[in-house]
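Peer 1: This is the structure I have questions about; it appears just below.
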């Protein structure tokens, strides 16, 4: 009987040991499961961070693209402003040139008027001198001289008129060339804008 009891006690002890071992295994398994769960959480965190980093990179790329576009727009605007400034300067130079030409024409006209006045004065002097002469031969000679002088003056007048006409033609040609250049520039700008 005692032996049976001992055996039973022994068996119970063994069972208890087995149970203890099982409990330890269960604990280990629980720990492993918890570790795995922690790993999964860490992995999820890593994936989330990767996703955030990717989104941030995309956002930065977009900002860089926007900045580049803005930079290009500013550069284009600067080019347009510079071109407009050059055109304004050119127009001012053209106006100055036109004023200069007009001033020269005015000066030529004044010189012509002065020459005409001098010629009139000379004619009056010649007429007065002619009246003072009493001899017919002298009068005829004076008339011939006067005729020669008048012919010379007429030639000078014609030359002056020709110079005036040539100057006018030059001015007109200059204006036509400038207008043609302006039209060409406008057409070129329209082509560039297209």
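Just so you know, glycine gets a Cβ as well, placed from its N, Cα and C.
Unlike curated records, TrEMBL annotations are generated automatically.
Pasting the feature list from TrEMBL:
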- 1-21: compositional bias 'Acidic residues' (COMPBIAS)
- 1-92: region 'Disordered' (REGION)
- 29-46: compositional bias 'Acidic residues' (COMPBIAS)
- 47-62: compositional bias 'Basic and acidic residues' (COMPBIAS)
- 63-79: compositional bias 'Acidic residues' (COMPBIAS)
- 80-92: compositional bias 'Basic and acidic residues' (COMPBIAS)
- 110-194: region 'Disordered' (REGION)
- 111-128: compositional bias 'Acidic residues' (COMPBIAS)
- 138-147: compositional bias 'Acidic residues' (COMPBIAS)
- 148-157: compositional bias 'Basic and acidic residues' (COMPBIAS)
- 167-180: compositional bias 'Basic and acidic residues' (COMPBIAS)
- 181-194: compositional bias 'Acidic residues' (COMPBIAS)
Peer 1: Who are the long-range neighbours of the compositional bias 'Acidic residues' (181-194) in its own chain, taking Cβ under 8 Å and residues 6 or more past its ends?
Peer 2: 83, 87
Peer 1: Using Cβ atoms and a strict cutoff of less than 8 Å, what residues sit near the compositional bias 'Basic and acidic residues' (80-92) while being 6 or more residues removed from its termini?
Peer 2: 185, 189
Peer 1: Please work out the helix, strand and coil residue numbers for the compositional bias 'Acidic residues' (181-194) from the DSSP assignment.
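Peer 2: Counting residues per DSSP class in the compositional bias 'Acidic residues' (181-194), I get 13 helix, 0 strand, 1 coil.
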Peer 1: Sequence-remote contacts (6 or more beyond its ends) of the compositional bias 'Basic and acidic residues' (148-157), Cβ cut-off under 8 Å?
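Peer 2: For the compositional bias 'Basic and acidic residues' (148-157), the far contacts come to 115-116, 119, 122-123, 126.
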Peer 1: DSSP says what for the compositional bias 'Basic and acidic residues' (148-157): how many helix, strand, coil residues?
Peer 2: 10 helix, 0 strand, 0 coil
Peer 1: For the compositional bias 'Acidic residues' (29-46), give the DSSP counts of helix residues, strand residues and coil residues.
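Peer 2: Split by secondary structure, the compositional bias 'Acidic residues' (29-46) comes out as 18 helix, 0 strand, 0 coil.
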